[in-house]
């Protein structure tokens, strides 16, 4: 409401100013566009908007007030206020003017030219200076500079502002003359005032706090500097804003870099504080102790290097054993060969990726020939070792070079557990352990289960375990977090089923197949155990492997 009152007062003042020869409209833009009243009387409103009023304006108090009032009037129009309501409010505000003649003139202007003014406000909301130029409250910047140059030409006196600009470069070089910069920085610098040093440290500390706690501080700081540029006067303010736009990004980067630096150090570099001669050395703490303090639930690696099998081979082994067990169940039920392959394909679909893909590869490669092998009641786990997807038993190494009956006999024997060689003692590994290659999840599985074991109570429900799984990865160090998220996304259903019963890291991770056996014995070189992909290459290999009938029925048909 106060803005409208001020707006009406400015209208009265502007539109009652005299115009040279108002009866004629042949005086050019200087006369036509002097104010809105003359432009309306001569029908030159559009011409003045395009050619005169849209030009940059000089800075002045009436112009700034007018721009503010025009902006407020535009906001009032956005609030869906009708023209009659605005007219009524403006007429009421005209009555508040103490000068009776100005009050009457205000009402006359409001009644006569309000529609034209409101149309201009609606059309030029982004440039309120155009409306204020029409009201003769803002002066063209070009006209203002021309008047200043004319005044300077009419007088022989050198303006004071020019003298200051001439002297400024010489004054700025005086500190360099008094304190040459060629000396090494190790020499003591002039003592700075303690009060100035304290003020600098407080300012830097406040800025650092604002940068850390207020995300909009940087943009607000730049906007505040631009507002200060407006106080420098016409011409110079535009140059100031140009410098701000050009160098503000560099200043922001410096502020972000200094947010973790000590205020005293920054003020020393700026010359407001005395240079610190000595800085006490921080006490070094072993990395293992630092990590334990940050993550109490995270245990370090064992003091010896584990020779782990890649998780890629573990997935193949677990998939093969799953397929073989399903195959045995189907054979017991006297299923046909077509149903066997179809049933195995359906079983593969139940596995998570990438085990699903590997399972389909096993079925596609060995499925048609598995029936012949299972006739001899071969152990599924042993067969997976023969075809190279699981660790082979020692007694199979020699048998693989023998004919097929010898291979079957070796497969039917009970497996004997291999002796584990003693682990050589080595120095402790560093605290930072990179993730395994090929997407291995063994280490991250152990650390995640260990975290759950330390932070969950016994007999925890599935919901509690699931909640702990979803946030547990965020407590691991950075090298493990992404790998942990992938691990949980892939093994979450299987993990839940096992963790409800037991939370031993070694058992759980071995149970789901991400931590394989540390040793894998080499297989023999007998190619006939490679399966149909080798048997059915040609008639010669099929005959040598006694698989001619199989290749004719399943591959060559």
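Glycine residues also receive a Cβ, built from the backbone N, Cα and C atoms like all the rest.
So that you can see what the record holds, here are the features copied from Swiss-Prot:
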- 63-138: disulfide bond (DISULFID)
- 66-132: disulfide bond (DISULFID)
- 80: N-linked glycosylation site (CARBOHYD)
- 94-106: disulfide bond (DISULFID)
- 193-277: domain 'Saposin B-type 2' (DOMAIN)
- 197-273: disulfide bond (DISULFID)
- 200-267: disulfide bond (DISULFID)
- 214: N-linked glycosylation site (CARBOHYD)
- 229-240: disulfide bond (DISULFID)
- 317-390: disulfide bond (DISULFID)
- 320-384: disulfide bond (DISULFID)
- 334: N-linked glycosylation site (CARBOHYD)
- 348-359: disulfide bond (DISULFID)
- 442-515: disulfide bond (DISULFID)
- 445-509: disulfide bond (DISULFID)
- 459: N-linked glycosylation site (CARBOHYD)
- 473-484: disulfide bond (DISULFID)
- 521-557: domain 'Saposin A-type 2' (DOMAIN)
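On the structure: features taken from Swiss-Prot.
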{"residue": "200", "record": "disulfide bond", "Cβ contacts under 8 Å, 6 or more apart": "263, 266, 267, 270, 272, 273"}
{"residue": "214", "record": "N-linked glycosylation site", "Cβ contacts under 8 Å, 6 or more apart": "220"}
{"residue": "484", "record": "disulfide bond", "Cβ contacts under 8 Å, 6 or more apart": "444, 447, 448, 472, 473, 476"}
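Assigned with DSSP, the residues of the domain 'Saposin B-type 2' (193-277) fall into helix, strand and coil as follows: 67 helix, 0 strand, 18 coil. Using a 10 Å Cα-Cα cut-off from residue 445 (disulfide bond), the recorded positions that qualify among 63, 80, 197, 240, 348, 515 are 515.
Here residue 138 (disulfide bond) is compared against the recorded positions 80, 320, 459, and the shortest C-alpha distance is to 80. Taking the domain 'Saposin B-type 2' (193-277) as a whole, pLDDT averages 77 in the prediction. Cα-Cα distance from residue 509 (disulfide bond) to residue 515 (disulfide bond): 6 Å (rounded to the nearest whole number).
Of all the Cβ atoms in the protein chains shown, 23 others lie within 10 Å of the Cβ of residue 273 (disulfide bond). Cβ contacts within 10 Å of residue 138 (disulfide bond), excluding its own Cβ and spanning all protein chains shown: 26. Counting every protein chain shown, the number of other Cβ atoms lying within 10 Å of the Cβ of residue 320 (disulfide bond) is 23. Of 63, 132, 229, 515, all annotated as disulfide-bonded residues, the residue with the shortest Cα distance to residue 459 (N-linked glycosylation site) is 515.
Applying an 8 A CB threshold to same-chain residues 6 or more apart, the list for residue 80 (N-linked glycosylation site) is empty. Ranked by Cβ neighbours within 10 A across all protein chains shown, the disulfide-bonded residues 197, 267, 359, 473 are led by 359.
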